[in-house]
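Per Swiss-Prot, these features apply:
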DISULFID  Cys165-Cys244  disulfide bond
CARBOHYD  Asn82  N-linked glycosylation site
SIGNAL    1-19  signal peptide
TOPO_DOM  39-94  topological domain 'Extracellular'
TOPO_DOM  121-127  topological domain 'Cytoplasmic'
TOPO_DOM  148-166  topological domain 'Extracellular'
TOPO_DOM  189-205  topological domain 'Cytoplasmic'
TOPO_DOM  230-259  topological domain 'Extracellular'
TOPO_DOM  280-296  topological domain 'Cytoplasmic'
TOPO_DOM  322-335  topological domain 'Extracellular'
TOPO_DOM  361-377  topological domain 'Cytoplasmic'
TRANSMEM  95-120  transmembrane segment
TRANSMEM  128-147  transmembrane segment
TRANSMEM  167-188  transmembrane segment
TRANSMEM  206-229  transmembrane segment
TRANSMEM  260-279  transmembrane segment
TRANSMEM  297-321  transmembrane segment
TRANSMEM  336-360  transmembrane segment
Amino acid sequence: MRAAIFAAIGALLLSPASCQSGMEYDADNLAKPTLSIKTFRGAPQNSFEEFPLSAIEGWTGTTKTVKIKCPEELDSNLHVNNATMGYLSSPLSTKLIPAIYILVFAVGMPANAVTLWMLFRTRTIRMTIFYTNLAIADFLFCVTLPFRIAYHLNGNNWVFGEVMCRATTVIFYGNMYCSILLLACISINRYLAIVHPFTYRGLPKRTYALLTCGLVWTTVFLYMLPFFILKQEYYLVQQDITTCHDVHNTCESSSPFQLYYFISLAFFGFLIPFLVIIYCYTAIIWTLNAKDRRWLWYIKASLLTFVIFTICFAPSNIILIIHHANYYYSNTDALYFVYLIALCLGSLNSCLDPFLYFLMSKITDHSTAYLTMVKLS
């Protein structure tokens, strides 16, 4: 039901009325906002932004707002402010972030490859389907990481083309929410197996697992469509670089759907699954007693899951909402570089998920014996 609601909202936000990009013009040929994905702000050459005159140093007159006109054809060559230029050329963006991505690639790529190899050799299907999909999502993410590493090491200069930029952006964000939803599905599966063993025993596990994973992938795909539909690649005149997703054209201004899109993404893609996971593991630990051999393993799995959500998912989703709220209401992008750092930490989940599989595989072995005992009793 949660994933179905998630998909419905995604479809609503992707409808023609809410997903058009670019600008509309009123009778005075003044730009009016439509939907676009917001990052750093960049202005086309020979254009002006809307700003209060009181912001000009030394201005003592009455406060007014200057209405500006955007070019009818959107320009791919942009100018950015000094703060954005400082971030794009800083060691944080060109050294620290790619160093973390290199670490994630070096650990996550072989770890998820080994996990997939072990899963394909496993004949049991109780948990294999969920973990296979989780490992595939992480593996795809690791495959695209070298492109982002090269991008940052090259001074945030993207050389792989618009299509590849959109594809890596979709996979980058899609991996996070696909992982979150699959971890929630795994926790529900374990909850039913331990807290409601008789109900779990009568379920068509393979069918439910395949349908659930298919719904997760479909939901995430629908929600990621705006990143693939809208332009992500822009050339920055001052620095002579081409950015990927990090800068957008200010003439593609935001609409209320912009804010609602990201709020719904964080709410249905992070908060609700996180609450479901907390409830499921709490109920499991409460049901099992300390003498049960599975109890300690579930404590470890719960702690690891909590670490994954706290370090990898919580910061980026919280900052995501704050950033886009500031962008919509105050037209500022000061938090975006903080959000990029949080996203960088979020990539660590691709390294931690394989260890969660190894923990849960131990639990599954004990659960198999437990269900056999229940069946014979």
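Going from the start of the chain as shown, residues are counted 1 onward.
Each residue, glycine too, has its Cβ placed from N, Cα and C.
Restricting the average to the topological domain 'Cytoplasmic' (189-205) gives a pLDDT of 86. The C-beta environment of Cys165 (disulfide bond), restricted to residues of the same chain at least 6 apart in sequence and closer than 8 Å, consists of Trp158, Gln232, Glu233, Cys244, His245. When each of 95-120, 206-229, 297-321, 336-360 is scored by its Cβ pairs under 8 Å to the transmembrane segment (260-279), the top-ranked stretch turns out to be 297-321. Secondary structure at Cys244 (disulfide bond), as computed by DSSP, is strand.
Outside the topological domain 'Extracellular' (148-166) by six or more residues, the chain places 88-89, 93-94, 97-98, 101-102, 105, 172, 227-228, 231-233, 239, 241-246 with a CB less than 8 A from a CB of the stretch. Across the topological domain 'Cytoplasmic' (280-296), the DSSP tally of helix, strand and coil residues reads 12 helix, 0 strand, 5 coil.
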